[in-house]
């Protein structure tokens, strides 16, 4: 086992050295800038089955890797070159954006979409507009589109942040690789949603099933200029190991729907990081990686006298699919290669007879944060239903999310005292107003038959409780709440099992408007989302200092930047806002009575037709008998 580096209280000399080190880090911090022309790239074929056009950057795919140090300032200028009349955006998943929520990238929450031909500069790490005492971030993240299903069509990439302060380096390893997992579709996802998912022909809400699963690798050492993708995908991809070396593997699931079980043949894994939170080393046989989740594991390479290669596995969780097509390869693998091992010589494959429940409460953060009694509790009940228009929608507390026209952040900063009234954000925004610095508990109850990974923007949360089945009397699958926890697991994306629950806690110390949603893309499309309006009494133009071009882009598209969800100074007038779906009414509604009456009339007409036909037929028979006589 590789132990974390333990640290004791430093004497005065150590404190002086630490202060000098911090000054040196500040002096050595770099400004990393990338320019992304977001455009369509033709004939991309990573699964070898079908070439298609995808959304890439600067004419290539996959998009660039962001590989930086924790003290760096990162700016990404995104230019919308899609040439389809559709807006774009980028969300840096897992970043906090303290006092810079307008860089979060969630369309209709923190910004308007980037108009065609225009640019938006995101300061994703250590923005000068953030306070000097902001919380440092390091670990494994990713950046992806947050508009119009565009990340499913390819606009997604790793974000790796390396610690550069010795006090933050808890583990030693020889090299660093990122393992990217993802599902892959052969059609534009917007078309799939329109034609196959949000459609009367799909009243049960069966999600579009991918054509393939992908594995590909990136070399992401802390020599930041060296970040590169390794060649090949899945069975054509190779991860190079050298005997005796220890590697950090950062596993990211960038799928729209698929979850993966990740494991290695012939090698042991120890989890050391979960979504930007270093944890005490925890041996695992496999990882259960839901959409948007990330883990880092340490793996020590073998030192065999007779070297051979080994398989790296990422098996798709078939429970995520309503129907598994016969031609879908669920079990995806790549190669761990060793020098001097014959190319076709492999060690025995590891076989998992079953996938046992993967408990993310088992991980213990290195930097402890105590569990604190919540000041406010919000319960969210997850459900899916066929609505009155014949389509299947998702909902929190029977409200299916409909985005506001005015970004919620701009409503919160412009509506004064009314900003604390959740009604102003729209009747279907699922807005929850939370007070500054309170401890918030979110209780999720999943009444759906499927698993759901939920992501909160702008925060880590503590996962303080999980149940696999809230109706069970078995404490092993429905345990009582453990009130004696001292350092609960923290992350930003949690999987809630079908029929199960999860309790999350976070400190409302980051004023802004933060999206909370299921990260399965079709479920977000169908309305499984809400907004946390955090400390609106703190927000103002002077607090945020929104760059003028951001609001100018809204106004150029005819979108207001002040007022309620439609730009009015009202808590009830939402004229022009798209209306949410309505539930099918039960009982004797007007339509039901009309339909029943129509059925009765149709039945009576049918009966009358039979009687009249029989009467005429009888007369004809009598006439024929008279003629025979």
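The backbone N, Cα and C atoms fix where each Cβ goes, and this holds for glycine too.
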Per Swiss-Prot, 518, 523 bind Cu cation 4; matching candidate in 452, 455, 457: 452
Listed in Swiss-Prot for the Cu cation 3 site shared with 457, 517, one of 146, 162, 170: 146
Recorded Cu cation 2 site member, picked from 93, 465, that accompanies 144, 519 in Swiss-Prot: 93
Most Cβ neighbours inside 10 Å, all chains, among the binding-site residues 93, 144, 519: 93
Chain-mates of 93, 144, 519 with C-beta within 8 Å of site centroid, Cu cation 2: 91, 142, 146, 151, 156, 254, 291, 292, 455, 493
DSSP-derived helix, strand and coil totals, residue by residue, for the domain 'Plastocyanin-like 1' (44-164): 3 helix, 49 strand, 69 coil
